[in-house]
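**Student:** In case it helps, TrEMBL gives these features for our protein:
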type: REGION; residues: B:1-27; note: region 'Disordered'
type: COMPBIAS; residues: B:10-23; note: compositional bias 'Low complexity'
type: DOMAIN; residues: B:165-584; note: domain 'Myotubularin phosphatase'
type: BINDING; residues: B:Asn314, B:Ile315, B:Cys375, B:Ser376, B:Asp377, B:Gly378, B:Trp379, B:Asp380, B:Arg381; note: substrate binding site
type: DOMAIN; residues: B:345-391; note: domain 'Tyrosine specific protein phosphatases'
type: ACT_SITE; residues: B:Cys375; note: active site, phosphocysteine intermediate
type: COMPBIAS; residues: B:624-636; note: compositional bias 'Low complexity'
type: REGION; residues: B:624-654; note: region 'Disordered'
type: COMPBIAS; residues: B:637-647; note: compositional bias 'Polar residues'
Amino acid sequence: MFDGRVLLKQVILLFWPLISTWVQGAEKIDSCQLQVLEMLSSLGSAGGKSAKPSFVSYVTPEEIKSEKEPSRKEKHPDLLPGEVVFCSASTVLKYTQDDLSQRGVFGVLLCTNFRVSFVSDEEPTEEMVRTLFKNKLYGENDIPLSCVDNIYGDKRKLITGGLVKNKYPSKMIIHCKDLRVFQFSLSFSKEEDAKKIFQGIVHHCLEPKSLRCLFAFSYCENTSPNRKCVGGLFTKLLRKKQTVMFDSVEDWTQDMKRTKGNCRVVSENSNFELSPKLPQYFIVPKNVSDEDLTKYQGKGLPMWCWSHHSGCALFKTASIPLVQEDNVCCRMLTAVAHNHLYSVKTEDLSDTLPTVQDILLSYNKFKQFFLIDNTTEFWMSDMKWFSSLDNCGWLDIIRQCLQKAVEVVESLEKENTNVLIMEEGGSDLCCVVSSLVQLMLDPYYRTLLGFQSLVQKEWVAGGHAFLDRSNHLHLKDKVESQSPVFLLFLECVWQLQQQHGPAFQFSETYLTVLSDSVHVPVFTTFLFNNDGHRDSLLRAESPHTQRSPLNCPTVWDWSVQFDCKAQDLFTNPLYTEKPKQDTSVRKSYRPRHLRQLSLPSSAFKTPPKKGFFKDEADNLKKILGVKRLSRWMLSPSSDSPQTSSSVREFYEAWQTKPLDYHGLLLPCLDGPSIRVWMQRYLRWIHDVQILGGGPVAMLSKVSEILGEVQELQRQLDRHGCTLTSNHKGARPRAKTAAAVIAARSSVRLSSSFPFVTSRNWAFKPAIPTSLLQSLMVTGMPGNLADREDDGGPESLV
Amino acid sequence: MASASIPVYNSSNNPLENSSSHNASRESLKMEPLADCSLLPGEERIIDKDIIYICPFSGALKGKVFITNYRLYFKSADADPAVTLDVPLGAIGRVEKMGGASSRGENSYGLDITCKDMRNLRFALKQEGHSRRDIFDILFKYAFPLSHGLLLFAYLSQEKFEENGWSVYKPMEEFRRQGLPNDKWRVTFINANYELCDTYPTILVVPFKATEEDLRKVCTFRSRGRIPVLSWIHRENQAVICRCSQPLVGMSGKRNKDDERYLDLIREANGTAKLTIYDARPSVNAVANKATGGGYEGDDAYQNAELVFLDIHNIHVMRESLKKLKDIVYPNVEESHWLSSLESTHWLEHIKLVISGAIQVADKISGGNSVVVHCSDGWDRTAQLTSLAMLMLDSHYRTLRGFQVLLEKEWIGFGHKFANRIGHGDKNHADQDRSPIFVQFIDCVWQMTKQFPTAFEFNERLLVTILDHLFSCRFGTFLFNCERARDTNELRSKTVSLWSLVNFSPPSRSLQELRSKTVSLWSLVNFSPPSRSLQELRSKTVSLWSLVNSDLSFYQNPFYTPESNRVLYPVASMRHLELWVTYYIRWNPRIRQQQQSPVEQRYIELLALRDEYLKKLEELQLSDSSPNSSHLSNSSTPNAASPTQHITHLHTPF
């Protein structure tokens, strides 16, 4: 029996990729297999609540120190439906601080098909149990497998997949994609266990695997889809209307109607007949013919993104190789131009924005500043913080994307020309820029549902290759295509939100959590490269073949990760809904008025800018000649100063007008205005947490008073008093908001709220080590540093 | 300043009204140019002149300049929106002639003015007929009155305020608040006539066991006689912050038994095992000071003390650092590699060192250990460290009035050389004694308010106002180097304290002013502080604290939540330190000035809404007189600190 268990363990370890299918089709059942089956079925049938399976039995008796035995049995995390433990090791030390202090806690380190998990031997304190902001899928000591970024061994040696044979380091450092850092010492564990857990973790986190092995599939097979919680401000908000998924003709038609667009909804690809790479449904300019649709499998098709109220619209496209010279390009451009006033500007983002590789390189440098496993080094690097930040270029990439979006906004808003952005593939920077443009121009996308719909439209349906870009599968041939493009977008959104807080319905915390969720391999949202990919896999994996595809949650089903109270932190207390009457005013007269005005201006009056854009409106016919095509397609990037000065003028003109949070929003792009997303990047670093401070101190007071106002409103309502208030949105839900506040006020908040709440705070302030040594004040006239403050020796008494 | 005024007023909800009132003011401008600039009582017009202001943001602007004995005022004639400049002459650091009579090129002949508040002004005049001679002479004379045998404007001002800001700080009261004197610490009047130390205040607190004779002996061993005296005592653990200057150790390594015994008395007072001496300087500089007779407390001589160097650089380094900062933010914010440029100024690095030094002091005190802080003379870095540590330790100093007391006590009382560091009324712009030490301190305070947005009763506006009047010479508060000089010059009887203005309660203020405050005061302060003061002056007249105190609600932080026994430890990491954009780059119209206000605005809106609902509810309950009404009103009263209520509280004198 004992041998069987060891065998089983190894089998699971080595052949996990096959196990799920193997178990399904099992015909012959021996004792070991039976155990696995029991395990899986007990989990599967548990449904909503994660059951505590009793199979820890394959921890060998020798591992268990006799006195600890009773408590040992409980040492595993609450497993999720479909989650299976691969291996585990006890008496692993998890360091609490940095590697210089040897303080830590002992516990069990496990590796499952979902996560690496550390379960402390110490009883969880009450404080930790009632943490407000708890993720239901994984705890603070859990790392979802796809969230593991890098693993380091002794002497901070980077561990790469294949190299490990029989060795294991005494110390293992895990850097996570959500910027947490874990440090484990394996030197107190039994050699056999240590080796296995190390190899298990390395294998499951770093080695290539097939998509089917991602946890989502076993999770979804074992959960029933509806686990909605009742109550909660946030969930109600979501339930009232759903996020538009853009997976039906109606969704697209609806969105086009909303923006008063006048284009053609294409449903010919609903079964991916045109191309598996194209979205299931999409919108193209009216003039695109059936022939155009089928001819090139959709390559070079201008895809509609958004229509401006003037009638002009934003389109994006995958740029076509210039080899295809039979002027499909011109045809498509003409089609775009016909959309409104025969004007079009094109912009090849590949030429003017960093490549996905640049983005990855820059981010890799940038993230290192926050992956702190050594406090001394942290403080050492503190003095050079600004220049390091500058040199990694991440903020500059953010600035460039925002600037590009402002340029597009300018063309749409000021010049009322159609804009076609293009890029090879058409689903990376095109997604960034088009979604940013829409956020700036359309207040709907700054609401929660609007934002989620925007991500669905531009990113998920828009075919951003989430799987390749995140490389969850660690495929060697996909290393090149890895890039945090979606994160870059969220960074840009954060900058906008930081500068114009009251304009957004969602909070900074929401964005941070969304950026984390990309690495939780449970949501269909981020697991696939495009609609076709998603469809084929979900169908193939479905237990009920030929019927419906596997039902996996999307990330927008926030109740999968957070309970209702925690979800309330996703809303921004500064946001107020737009007063109703204004919208009608805008609808009734403004568009037509502007359209008339823009007729001459867009065609003739617009000064020919030498910027990225080519104003092709007035002489499109000439351009249609193939000769000029190449020049036209490759816009020179040398004249950027002029563009940026035009953008500046546009910004300044906008700035002089009164700021309307429900109107056009532009970001300030000056040096001091583009900042580091502190909450996301600094939240785990103990030394820089401001206890009792940070912006959250103010925001929580705002939500506190908001709760009171809502409560009063409720009381007044009960009295039958009619109010002329603009706080109707949240009126009946005062209770939950108040409850959150009550819970919060008992905890001392820190700048890392809600990710780190109260802990055993060392009352010691962080005192920077290494101070002046690095501060060189040389090269000053007369070496000022050496001089006396007030006069020389004669002035001394 | 170049205040393209319209953008900043934006936050107001009524743009139409703004622009119309703006147009009106433009109309009237043609007839009566100085109509919107009412003079301070005691202010006199000296000269008017047609001139071209070369605005770095909107280009050359024709207009008229007015010079009074207090300010330089410019208003453009044809720009829309009208550009105005309102610069107190005290803020002018340097006036130079630009170009000559034969200079070629447009607008190449004129004046170049360097200001102390992070901007430069350029004016162009007609080249014919020595047109700039009179204006240059007048500007030079009135901007630097002390160099021309004239009085500073504070002595000419006839402003009157309800409250006398000079009575904000009473040393004995402050010591009593701290629980002093007690059986370990006594008050001494040995310096009543500034005989012990001419740069110290008259009232000092010293160890109970130290006799007057001891003090005199210690005095001989401390630079400029600045002996260790108590600044602050921890109520529970009785640990103290003492401040002094460096010991006169010299090259030979002199010792002084009295000084050694005196420091030991400080240590003994609360039974601390080891006294910690914080020397603010880098150790290299401390060693170098031996050559000039100074030095630091050696291990062998002071056996019960540990010496820690805090590596803060001297006034010259700070001056150069701020100069570099100005280079990268004025007139335009450096575009390429902004962060690297920022780093190369080292300004935030210095801020970090000062704050982390203060954290160490505060941490030691919290742990029950007494500390002695000094630098070379104990009036620059020492004042920064002690006052910041006190701000961290004592929540009283985080209130509006407490902060005034802190400045009066640690900076003004203990002789920070404001006159030399700022160079009030002095033409010698290259004076090596000038240094932005106090500006740096206020920046540190701002960093703290930024990290703890609910811990301070005052807001950023107060800090900006203080810095504006640090230079303006309108109030007596920051004039002269030490108490002795203030007494000699009868400062307190002849000038007004800034705190009179700050603490002045608003009933006498006109409605219109109140409205302008609630709508756009923020922008006013940022863009043209003096023009704001102009408005006030219609109703008010006299001490920097007179100004500050007249506007309590204006300087109040709505998020303030008193937490009396809480020690604040800011994080002294570059990750959290940021450039104070709304001060250093406030002249740049592109920097949106309302960074922080949307949160504040929303909060105030909600407070008002709550009050409205409470009132409605009360009315309903009165008419209903339903049985559960008492329950309802109970549930709402605990949070009763709306701004309106605040103001009514403030009507009652303190």
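We count from 1, first residue shown onward.
Positions of Cβ are set from backbone N, Cα and C atoms, glycine also.
TrEMBL does not curate its annotations; it predicts them automatically.
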**Student:** Highest CB neighbour count within 10 A among the binding-site residues B:Asp377, B:Trp379?
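**Tutor:** Ranked by Cβ atoms within 10 Å, first place goes to B:Trp379.
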**Student:** With a 10 Å radius around each C-beta, find which of these binding-site residues (B:Asn314, B:Cys375, B:Arg381) has the fewest other C-beta atoms nearby.
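**Tutor:** Minimum Cβ neighbour count within 10 Å, taken over the binding-site residues B:Asn314, B:Cys375, B:Arg381, occurs at B:Asn314.
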**Student:** Where DSSP helix means H, G or I and strand means E or B, what are the helix, strand and coil counts for the domain 'Tyrosine specific protein phosphatases' (B:345-391)?
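**Tutor:** The counts are 32 helix, 4 strand, 11 coil.
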**Student:** Could you measure the widest C-alpha to C-alpha distance across B:Asn314, B:Ile315, B:Cys375, B:Ser376, B:Asp377, B:Gly378, B:Trp379, B:Asp380, B:Arg381, the residues recorded as binding substrate, and give it to a whole number of angstrom?
**Tutor:** 12
**Student:** I'm checking region-level scores; what's the whole-number mean pLDDT for the domain 'Myotubularin phosphatase' (B:165-584)?
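**Tutor:** Averaging the confidence scores along the domain 'Myotubularin phosphatase' (B:165-584) gives 88.
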